[in-house]
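> Here's the feature list from TrEMBL:
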- A:51-260: domain 'ABC transmembrane type-1' (DOMAIN)
- A:338-525: domain 'ABC transmembrane type-1' (DOMAIN)
- A:50-73: transmembrane segment (TRANSMEM)
- A:85-105: transmembrane segment (TRANSMEM)
- A:136-157: transmembrane segment (TRANSMEM)
- A:194-215: transmembrane segment (TRANSMEM)
- A:240-259: transmembrane segment (TRANSMEM)
- A:291-318: transmembrane segment (TRANSMEM)
- A:338-364: transmembrane segment (TRANSMEM)
- A:376-397: transmembrane segment (TRANSMEM)
- A:409-431: transmembrane segment (TRANSMEM)
- A:462-479: transmembrane segment (TRANSMEM)
- A:509-528: transmembrane segment (TRANSMEM)
Amino acid sequence: MVRALSVVFQLLLIALPVVAGVLYLVWQTARLGVEGVGQAMFVLAAMPSVLLNSLVLAVAAPLVACYLALWMAPSLLRRPRIQQVLAPLLAVPHVAFAVGMLLLFSPSGWLLRVFEQLTGWWPLPPQGWPLPEKSLFSLTLVLVLKELPFLLLMIAAQLKQLPSQAWLVQAQSYGYSQQQAWWRVLVPELLQRLTLPMAAVVIYSVSVVDIPLLLGNNLQPVLAQQVFAWSFQFAPEQQANALVGAWLLLAVSGLLLLLNRRHARCYAFCVRNKPLRPSTKAQKLRPVPRFAWYALAGLAVAVVLVLLVQSLATQWFYPALWPSQLSVSLWQQEWPFILAPAQASLSFALLSALFGTVAAVVVLEQQCQRGKQQRQWLLLVALFMPQVPLVLGWQLLLGSTQGPALWVLWAHTVYTFPYAYLVLHGAYMGFNRHWLVKAQSLGYSARQAWWRVLLPMLKQPLLAAYAVAFAVSIAQYVPTQWLGQGQVSSLTTEAVSVASGGDWRIGSLYALLQMLLPLLVFLGAGGLKRKSYAEHA
Amino acid sequence: MRRFIRLRLLALAVLLTAPYASAQAGQVHFYGWGGSPQVSTYMRWVQQELRAEGIQLRHNKVADIAEVVKQITAGHSNADLIWINGENFHALKAAGALQNIVDDIAAVAALNPQLQWQHDFGEPVTGLEVPWGVGQFNLLARAPVFSEESITAADLLQAAQRFPGRLSYPKPPDFHGTTFLKSLLLALQPEQAQVFQQPVQQVNAAALTAPLWRFLTELHPHLWQQGRSFPASAGEQVNYLAQGQLVMAVSFNPNDYKTLVRTGRLPTGIQRHRFRGGAITNTHYLAIPKGAKNPEMAKQVIEFLLSERAQLRKADPNRWGDPSVLAEAAEPLLPAAQEFHASWQRYLEQQWSARFQ
């Protein structure tokens, strides 16, 4: 049964969409012919900086985020509830977060307005500010800050599964500080379990388009941004560039995923070769990271606040700290038009997150039963294919099939499933199946044991998977807009089209609405958990 | 209690399934750029008016109409009516994806005869689209930047030197950016205006554009971020102008200098300028794709959008401020310069990115 279901899910959610996408790419590339491909390769080869920028972004952002998260994570051991502060950051859509960051830290941002009010040095926004509106650095910084909470959430879910306190105590009994025990005992294990979440982060950094469009330098773009630009230019050679660029993106993603798989082993190797001195002081895990949590929470609050104030401002120009006038008129004006998109978003997200999580559980269970887990990257292919050719491939496959909303739901599930899988994978694979054996020895059937022991014990990671999948569904633009054929507008299709005009007052309004639903789900998922069985164990 | 739970479950089921209900008949799917709140508000009024005539108009907002063009050429669109011009029109015309509608639209007779709408960016319209509004390329600038309404290329360079790092333009191939290049080209050699009407292949383009590239090479070091990055769009540039990073932005709406200030998007004290030799003027259009499921109703929508009432409301600078295309409602526009032949678009974009990217 599990096996059959797993096969069905993998066919529906991986094979079908990916094959359709790849076939479309192959078909279009074949139409170009050798000469067309050669020319496009020549064009790409002449822009090495594009590839280089992509590599820098996709290597630097995930690594920095990863080690920042590991540095902050010890707080989770002492105060697991601190995880709650992540909810708002996890829920803010990426673009909304980027806009919030611009409003706070760009040369005309709030921070500099405060300086200007205090000193009067910059009647106009300063030039040469280290966080300009468009640069690889600003882009990397925003990605790091947005990926950090996701990785912390993943670490929190893994820590629940590890006897971390016992390990730390044991290490201390050998005379090592908790600090040493954390980096040498827990972190290698965590990194191993973070391989897949890191893969998601890496893939996201390679393929993200909307944030580079907003924050990236556009003379020296990243590859995904350039491919996206080409795919909406209609000259044949630009279309060829877009296609070859899409293949290159696939190759880069594959390469980085290979490197990512070595990451944990590489770290373990380095740690092992670093001489270890038993600590003389009974050094506790340093509380330093605490302020980082507050800073992160503060940042989330600041982003939400600045978006809120922006949506209420009739006008708000540098160097004013506060809009001269606040008004709810924009909210009143948009309110009647919000209900239908909000309902569509909610429906797609609730259902596709549910289907995605269920599918992930089924596939994981089958992998556990079979006892091997090969070709995991196959499950993730949909994530690193550029969306434009992928969705065109789906449309080709679907033809003019009616009932677009159902196809939108399917398309969302194609994305929620791999994310749910990623989030769940470590905890599910790390689950000690002896519990099941014990339960059976106490008279439960295999099925009962699974439902009444395994599921409750994995409640926390399951909820995290659902919440992440929910947020992923909320953020989908291209699949919703194209497969929905204009009959389904969601909060995100509205938000993206509105934002294209650059009027951040109305843009902020839609961004806030867009984050509201995932925020509720993240808070709910965090609030429900209280204690998992592993904490008793 | 149980009944209460059941009711809630029922409500949840309705909520979750409502978006999957099949589409209503008699709907016209209109696709257009959704980035302007003024346009959206106007379209809401249009929807309301059309409902009285029994037409359900759906305004499908997109971030870039090129998305829809891509969909139509791939044969996957359900658009009945689209808002396009320029390159997007060319792509659709070349793909043979548009219906010939001009003869079916009665309101075409009332169009302003001075409006040169038969060519869309130099490409003959051949009945495939009808004009909806007029764009005139103009500059928005803070008060002290330019002393006169019409400016020369030299004035621009001077301003860039006086306000280092405070001038820029949207990065081509954004069409505002490309039009900026055309305007400069025209401003540098006003005597060549006629030559730019010809296909780029038939003239000595390299020689004609040499002064432009020389000028830009001189200009760029004085621009925002020393010309190492450019605003991504006109909308983004307007934001920079509003906040003061830049002292200049560009626009295709000759009323924007009023509309944007009135709606609080820009601070007061913004003036409108244009390049000497005229504001490059073009038309934006409505078209019906061949795959439209509801072409007859879409034509009724076009009739309404071209009605005097609809056009007057559209032209109201308190609302959208997009000039009317009707003879009746003709109003003073900026002195116009003709659009370049379409082939210049790509040529300028390619040359620009070869040199500066």
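Each residue, glycine too, has its Cβ placed from N, Cα and C.
Thinking about packing and proximity, how do these listed features fit into the structure?
Long-range contacts of the transmembrane segment (A:50-73) within its own chain (CB-CB distance under 8 A, at least 6 residues past either end) are made by residues 44, 136, 139-140, 143-145, 147-148, 151-152, 155-156, 159, 187, 190-191, 194, 198, 201-202, 205-206, 216-217, 220-224, 226, 248, 252, 256, 260, 289, 292-293, 296.
Nonlocal intrachain contacts for the transmembrane segment (A:85-105), taken as residues 6+ away from its ends with a CB within less than 8 angstroms of a stretch CB, comprise 111, 131, 133, 138, 141-142, 145-146, 148-150, 152-153, 208, 210-211, 214-215, 293, 296-297, 299-304, 306-307, 310, 467-468, 471, 474-475, 492, 495-496, 499, 504, 507-508, 511-512, 514-516, 518-519, 521-523, 526.
Sequence-distant contacts of the transmembrane segment (A:240-259) (same chain, at least 6 residues past either end, Cβ-Cβ under 8 Å): 25, 28-29, 32, 36-37, 39-41, 43-44, 51, 54-55, 58-59, 199, 202-203, 206-207, 223-224, 226-227, 230-231, 233, 377, 380, 384-386, 388-389.
Taking Cβ pairs closer than 8 Å, the transmembrane segment (A:462-479) reaches residues 90-91, 93-94, 150, 153-154, 156-157, 210, 345, 348-350, 352-354, 356-357, 360-361, 387-388, 391, 394, 408, 411-412, 414-417, 419-421, 423-424, 455, 490-493, 496, 514, 517-518, 521-522, 524-526, 528-529 in its own chain, all 6 or more past its ends.
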> Could you pull out which residues elsewhere in the chain have a CB under 8 Å from any CB of the transmembrane segment (A:136-157), counting only those six or more residues past its ends?
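Distant Cβ neighbours of the transmembrane segment (A:136-157) are 53, 56-57, 60-62, 64-66, 68-70, 72-73, 76, 80, 83, 86, 89-90, 92, 94, 97-98, 101, 130, 190, 194, 197-198, 200-201, 204-205, 208, 211-212, 215-217, 220, 222, 296, 299, 423, 426-427, 460-461, 464, 468.
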